[in-house]
Amino acid sequence: MEFLTGVKEKDTLEISGLLKTEAGESVKVNGAVHTIRNMGTVAFVILRKREGLLQGVYEEGAADFDLKDLREADTIEIEGILEKNEKAPGGIEIRMKHLTVLGRPADDMMPLPISKWKLNTSLEAKLNYRSISLRNLRERAKFRIQEGLTRAFRDYLYGQGFTEIHTPKIGARSAEGGANLFRLDYFHRPAVLQQSPQLYKQMMVGVFDRVFETAPVFRAEKHNTKRHLNEYTSLDFEMGYIDSFEEIMAMETGYIQYAMALLAGEYAAELKTLDITLPDAAKIPAVRFDEIKEKVAEKYGRKIKNPFDLEPEEELLISRYALEEWGSDFVFVTHYPSRKRPFYAMDDPADTRYTLSFDLLFRGMEITTGGQRIHDHGMLKDKIAARGMTEDGLEQYLEAFRHGMPPHGGIGIGLERFTMKLAGEDNIRETTLFPRDLSRLEP
Ligand code: AMO
């Protein structure tokens, strides 16, 4: 029998620990052999660690092992002397003395040249060998940026009095409508995979006032596009006691400012690796849907084809307009037509053809939908009826409203889309760890 008393102190150092260590000291580190550069009398063994690359220097005679004992993709532990070297990654290197091989690849050949700065392989190959391609530093960095966006969402919203919730992904009914529902058999009852946590996050406003969730959602998109996944991560929040729907946009603006500051402060290495310039989110313009459609049509000589929705090309032009006219990479487009919004959206009392809702566009693409919701029980039932929908599967949702709900609203951000636009990628699969699309169910 033994007791566990907390995290075990390790005798191996990480890069941040090495940077605090004096040159000349004996150190122990572990890592994966990223690449070996044999120069004859001396060899550079580059280790890949969670904080970046670390250079090991092998000199015959100085080490008690043979360089031939070492292979790329080995995971190893080395002991050696820490030295400063401006030319090495991070300005330090280890003169290797002793080697322990912890794990050895079964295959001598790597399917992709992961130690190259840019993996010049097709997206297909990157996705087929996902666990390998992500070992490339640039590929890996995108998901550290993604972590920063999620971490900022959590930290910021905790600070704003939100409660983090976890809602079910299997249900009787989902909220967003449309044809993209995954249907399944739930012990002989029809069920669906949730398109969003919409119904649940609204119900929880009646409990906690302010809630958020970061979780997968499911959309049976029957086409392959560069911006759609069949499973993506939605950053959702929902807040009660709002005075207006502008308050929701203000909260999202606050989150984006917080996220950009966090990335600038704690993800500088990844930003540099990916050559990302962070957008300025000090102020984000908000413009009405009908107004910006006309402005864009006029400025860029484009005919309005669909007055009720934005086409991808229009999103590009609206972003271009916002950058040229207002100097912003972000733009809120407000007052979407009611007929294009789900039943729960609050119609604008001033003109019920429109809603008190918005999309946030970033560098040419919608990354968020949000808005105020109907909170009156009677109004909600009327809208459901007016749309020709049934209340089946919505009984519990309606129950919350029957027993009182405050004015509220919220947003859903597509995490992979946000990461994609920030990282300057043009296909959402580039910023999805394991994408699910029409043809891809593995890995
Ligand atoms: P919506 O359906 O517009 O709104 O989705 C919100 C955001 O999610 C992202 N997104 C997607 N990302 C990848 N693949 C997809 N197939 C996909 N579909 C949507 C987009 C989009 O802006 N319940 C509302 C949100 C709310 O009002 O709170 C909703 O789900 O970035």
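The backbone N, Cα and C atoms fix where each Cβ goes, and this holds for glycine too.
Sequence-distant contacts of Arg373 (L-aspartate binding site), defined as residues of its own chain at least six apart whose C-beta falls under 8 angstroms from its C-beta, comprise Gln202, Tyr344, Ala345, Met346, His408, Gly409, Gly410. Among the features that TrEMBL reports, L-aspartate binding site is placed at Glu176, Arg219, Thr369, Arg373.
The Cβ of Glu221 (ATP binding site) has 18 neighbouring Cβ atoms from other residues within 10 Å, across all protein chains displayed. Annotation note: Glu221 (ATP binding site) sits in a coil segment as assigned by DSSP. Annotation comment: TrEMBL describes Arg219, Ala220, Glu221, Arg227, His228, Leu229, Glu366, Gly414, Leu415, Glu416, Arg417 as ATP binding site.
Summarising the annotation, TrEMBL assigns domain 'Aminoacyl-transfer RNA synthetases class-II family profile' to 143-443. Here the domain 'Aminoacyl-transfer RNA synthetases class-II family profile' (143-443) has a mean pLDDT of 97 out of 100.
Taken from TrEMBL, the feature region 'Aspartate' applies to 198-201.
The Cβ of Pro89 (site 'Important for tRNA non-discrimination') lies under 8 Å from the Cβ of Ile46, Gly52, Leu53, Leu54, Gln55, each of which sits 6+ residues away along the same chain. According to DSSP, Pro89 (site 'Important for tRNA non-discrimination') sits within a helical segment. Annotated site 'Important for tRNA non-discrimination' per TrEMBL: Pro89, in sequence order.
Within its own chain, the region 'Aspartate' (198-201) has Cβ neighbours under 8 Å at 165, 167-168, 171, 173-176, 211-213, 236-238, 342, 344, 394, 397, 410, 412, counting only residues six or more beyond its boundaries.
The DSSP breakdown of the region 'Aspartate' (198-201), given as helix, strand and coil counts, is 4 helix, 0 strand, 0 coil. Looking at Arg219 (L-aspartate binding site) and His228 (ATP binding site), their Cα atoms lie 9 Å from each other. Closeness to ligand 1 is met by Glu176, Arg219, Glu221, these being the recorded positions among Pro89, Glu176, Arg219, Glu221, Arg373, Leu415 whose Cβ falls under 6 Å from the molecule. Maximum C-alpha to C-alpha distance over the listed ATP-binding residues Arg219, Ala220, Glu221, Arg227, His228, Leu229, Glu366, Gly414, Leu415, Glu416, Arg417 is 19 Å.
Annotation note: Glu176 (L-aspartate binding site) sits in a coil segment as assigned by DSSP. For the pair Arg417 (ATP binding site) and Thr369 (L-aspartate binding site), the Cα-Cα distance reads 12 Å.
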